[in-house]
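**Q** Below are the features listed in Swiss-Prot for this protein:
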ACT_SITE  Cys73  active site, proton donor/acceptor
ACT_SITE  Cys183  active site, proton donor/acceptor
BINDING   Asp10, Ser11, Tyr42, Gly43, Asn74, Thr75, Thr184, His185  substrate binding site
Amino acid sequence: MDNRPIGLLDSGVGGLTVARELLRQLPNEEIVYIGDTRRAPYGPRSREQIIAFTWDMVNFLLSKNVKMIVMACNTATAMALEIVKEELDIPVIGVILPGASSAIQKTKTNKIGVIATQASIRSDEYHKTIARKSSAIEVLSLACPKFVSIVESNEMESEIAKRVVSESLAPLVGKIDTLILGCTHYPLLRPLIQETMGKEVRLIDSGAEAVRDISVLLNYFEINAHERKEFQHCFYTTAGVNSFREIAEKWLNIGHLHIEHAEIENFNKEK
């Protein structure tokens with residue numbers, strides 16, 4: 001048993017979709033979350049920048065004595081997961097493999113869509129992961145760069161969001177039966193995405209799928225938390241504390257969250 005917290009990282013508020021599922025499935029676990037809102041979105045960034053920014057977040061979480069790191073960000077997972085895993089002696093999990101595996105199980109037509117940031121689509125990680133498991137599946141990938149900005153600006157229920165989602169997803173409509181939400185921001189737009197794609201299309205939340213793997217790893221390494229009455233989840237953001245709080249408290253349905261501003265640029269765990 002291990003009562004140290006689980007660390008979650010994301011380029012902004014998107015990883016809160018993973019945090020919500022983690023809190024639901026693993027209520028005894030404490031969370032430390034870092035969202036790099038100041039440098040979001042990561043999608044247009046270079047591979048080198050994304051890796052460097054991911055290390056800033058990883059080192060920040062290590063300074064909080066976490067027992068596991070969850071890359072609750074598809075872009076960071078695509079670019080930096082294997083690099084970080086090689087360097088750390090605690091479990092590190094991403095969100096791409098769980099999402100891909102679930103989509104393979106759910107599709108009936110062997111036609112899967114993937115929507116993600118530009119960097120994730122460029123990396124082709126979802127396509128490669130699915131191809132390794134099943135060569136029979138056709139994967140249609142689509143970058144939706146405007147989605148992250150809509151979520152980060154808390155415009156999910158606006159008319160602009162409805163128009164952007166509808167226009168962005170038009171190339172996939174009628175061509176797939178399963179759609180991977182390949183960015184953890186995207187579940188915050190789920191109602192609009194489902195409406196656009198049609199109710200018959202199965203939406204795969206890659207972050208939610210990852211929580212099942214987190215549970216397996218906690219058991220495997222015997223680092224589950226003891227049942228306890230009091231502990232505090234801590235959320236950190238590199239910019240926009242008030243906006244982050246508004247989105248987090250609404251999405252997690254928890255009031256008075258502990259949310260702080262954090263400086264993580266070139267963060268060194270020895271600080």
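Using N, Cα and C of the backbone, Cβ positions are placed for all residues, glycine too.
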**Q** Only counting partners 6 or more residues apart, tell me which same-chain residues put their Cβ under 8 Å from the Cβ of Ser11 (substrate binding site).
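**A** Those within reach of Ser11 (substrate binding site), by Cβ under 8 Å and sequence separation of 6 or more, are Gly35, Asp36, Thr37, Arg39, Ala40, Pro41, Tyr42, Phe53, Cys73, Thr75, Ala76, Val148.
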**Q** If you run the three-state DSSP split on Gly43 (substrate binding site), which class comes out?
**A** coil
**Q** I'm trying to understand the geometry here, so how far is the Cα atom of Gly43 (substrate binding site) from the Cα atom of Cys183 (active site, proton donor/acceptor), in Å to the nearest whole number?
**A** 10
**Q** Identify all same-chain residues not among Asp10, Ser11, Tyr42, Gly43, Asn74, Thr75, Thr184, His185 whose C-beta atom falls within 8 angstroms of the centroid of the substrate site's C-beta atoms; report them in sequence order.
**A** Gly12, Gly14, Gly15, Ala40, Pro41, Cys73, Ala76, Thr117, Ser120, Val148, Cys183
**Q** Please give the substrate site's span as the largest CA-CA distance among Asp10, Ser11, Tyr42, Gly43, Asn74, Thr75, Thr184, His185, to the nearest whole angstrom.
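**A** For the residues that bind substrate, the greatest Cα distance is 12 Å.
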**Q** Let me check the 10 A CB neighbour count of Cys183 (active site, proton donor/acceptor). How many other CB atoms are there?
**A** 35
**Q** Please report the DSSP secondary structure of Thr75 (substrate binding site), reduced to three states.
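**A** Its secondary structure by DSSP: helix.
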